[in-house]
Amino acid sequence: MTLQKHLIFTALGGIFLFAVTQQLEPFRNYQLATMAAYLCATAGLTILTGLNGQISLGHGALMAVGAYTMAFAQNGIGNLYLSLLLAMLATTAVGAIIGVAAARLRGPYLAGLTLAVALAIPAFTVTFDGLFNSEQGLPVSFTPPETLPIETWQALTAGGSALLVMFLLANVVSSRFGRAMRAVRDNEVAARLAGIHVARTQVLSFVISAAPAGLGGALLAFLAQNVSPGAFSLTLSLYLLLAIVIGGLGNLAGAVWGAFLLVALPDLTNSLTEGITASPELARKLDGNLALAIFGLTLIVVMLVAPGGLQSLVQRISHRIRKGRNHV
Amino acid sequence: MDRFVFLTFDGLSNGAVYAAFALALVLIWRAARVVNFAQGAMAVAAAYAAYSVTQATGSYWIGFAAALGTGLMIGALVERAVMRFVGHANPLNEVIVALGLVLFIQAVLGMLYGNEFLPSHTPFSRNAIEVGGVPLLSRYDLFVFGAVAALVLLLALLFTKTSTGLRMRAAAFAPEVSRLLGVNVGGMLTLGWALASAVGALAAMLVIPTELGLNPHAMDLVFVTSFTAAVIGGLDSPPGAVTGGMAVGLILSYVSGYLGSSVTPIAVLALLLIVLLVRPGGLFSATVARQA
């Protein structure tokens, strides 16, 4: 049974998460938490782009919606889990609005519209600065528990949320609705003939994909303990897109790869640039940009050489190993 | 009233730039059925080349020529080295590859020049000339109008009066038949990308001095604005792109003049949303080609 399989995977993931967070040093725990926050967003985007064939450059903006809702709820009410839930609900509502517009649009038109959404986010915070406090952003206050180190607590919260998201999305993927999404992606006319309501499926896909993105944004705000428009630039949206493409479109495991790369690669290039710093001037220019350049180049190469992404590469290799074993 | 007149001329001047940039998008769309999301980043790269050349030679005009030349080269390079090999199975592929180019080009520019805003100079004064006590438009605005008008004229001549233009149109319209008739279809595609990229570079050279300055992200918003202009024009029609660009320039000038400049990106979003939902084929589309 698929549900049982997903339950077992989630339970194992939970145990693994708990064991790992106890062992890691605080900084690694913080990175793990960041990865979990990204994973929520990349998993949501995988559902939308990979399974339903709609592109979105606006998921960074949806994360911003989640993050700002988190800030409001946390500073107003102060219950962490309630705030996370509210962030998801608010993002779901915004996602539904964008989704209604998106269901009428295809390919480059949709990309252009969502790009405009991503670029408008800082403008919203400046225009309504009484509410969003323009470029400075808002603090996100919370009281950490006394029994745990704060990073461990953050990693547990974010990791647990990500596990829950993965469990729910995995069930969506293998459900009747998941099949409808794929049918709409592959052939709209055939899907319509099979009795699938195409537009409704597309709007619902956008909604399902927006909710975890909002949760991811809320988790990022929770980790950074503040929220500002700079954290949700167009680059973030492009990052998310390239993470799912490199990881493997249409496969939730690809979202895990993508989230891992988003945290690991900048860390790696940072330590690289620190190692070779000839001058502080050069280091400042390389800082951040090197990771971006590698990401961009990887994205192009992956699209040209292996459009299935890392996950398809892993599958191909494991398939070959299994085949080799059978031959012996 | 003075303010309205000033905003109108300012909007037309900006609109001319949006028109040029939208023309670049339309050129590639007509040649390859691709919306080039990397257009902004490519144009910024050409503007940085101009910056370096102007720094070295001290002449704005040599830098200007260098921008156009670099634009041509970048366009040809992107088509030959990258876009040619993108699979056409899924229309998203080209968009994603172009976005990869955006990340890559902007990061490389950041590594070479840094992410700060570099000062960008104009060859003519940007102080408005007063006519009868009313400030109308500056010498630089006149230069922008002249450059864009020359560009539109040259492109029109190229596509309607020369045999190269005819070949380019044929290669885009019916590649198989053109190939049978001896047209170098691949070469025409490369030429189309090179031309479009040079047009984008021209637009970047014209618009960057009027904004905050040179920066790897300087053309991000201009790209979305011009995409809106191209969509208003129907994405397939050069006259539509020019009209759309002028219209968007005017609207945004009024919005930023009366409501504040921070509202501009929101206005672009609203405009694009309205056009896409009400008239997705654009105002100039003759037939309904795209299924809703």
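Cβ coordinates are placed from backbone N, Cα and C, and glycine is handled just like the others.
Just so you know, TrEMBL annotations never went through curation; they're auto-generated.
Quick look at what TrEMBL lists:
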TRANSMEM  A:7-24  transmembrane segment
TRANSMEM  A:30-48  transmembrane segment
TRANSMEM  A:55-74  transmembrane segment
TRANSMEM  A:80-102  transmembrane segment
TRANSMEM  A:109-132  transmembrane segment
TRANSMEM  A:152-173  transmembrane segment
TRANSMEM  A:203-224  transmembrane segment
TRANSMEM  A:236-265  transmembrane segment
TRANSMEM  A:286-306  transmembrane segment
Maximum Cβ pairs under 8 Å to the transmembrane segment (A:109-132) - stretch from the list A:30-48, A:55-74, A:80-102, A:152-173, A:203-224: A:55-74
Closest-packing stretch to the transmembrane segment (A:286-306), where packing means Cβ pairs under 8 Å, from A:7-24, A:80-102, A:152-173, A:236-265: A:236-265
In contact by Cβ distance (the transmembrane segment (A:30-48), the transmembrane segment (A:80-102); 3 or more pairs under 8 Å): no
Feature contact check the transmembrane segment (A:203-224) with the transmembrane segment (A:152-173), CB under 8 Å, 3 or more pairs: yes
Most Cβ pairs under 8 Å with the transmembrane segment (A:55-74), selected from A:30-48, A:203-224, A:236-265: A:203-224
Cβ contacts under 8 Å made by the transmembrane segment (A:236-265) with residues that lie 6+ beyond its boundaries: 31, 34-36, 38-39, 41-43, 45-46, 49-51, 55-61, 63, 114-115, 118, 166, 169-170, 173, 291, 294-296, 298-299, 302-303, 307-312, 314
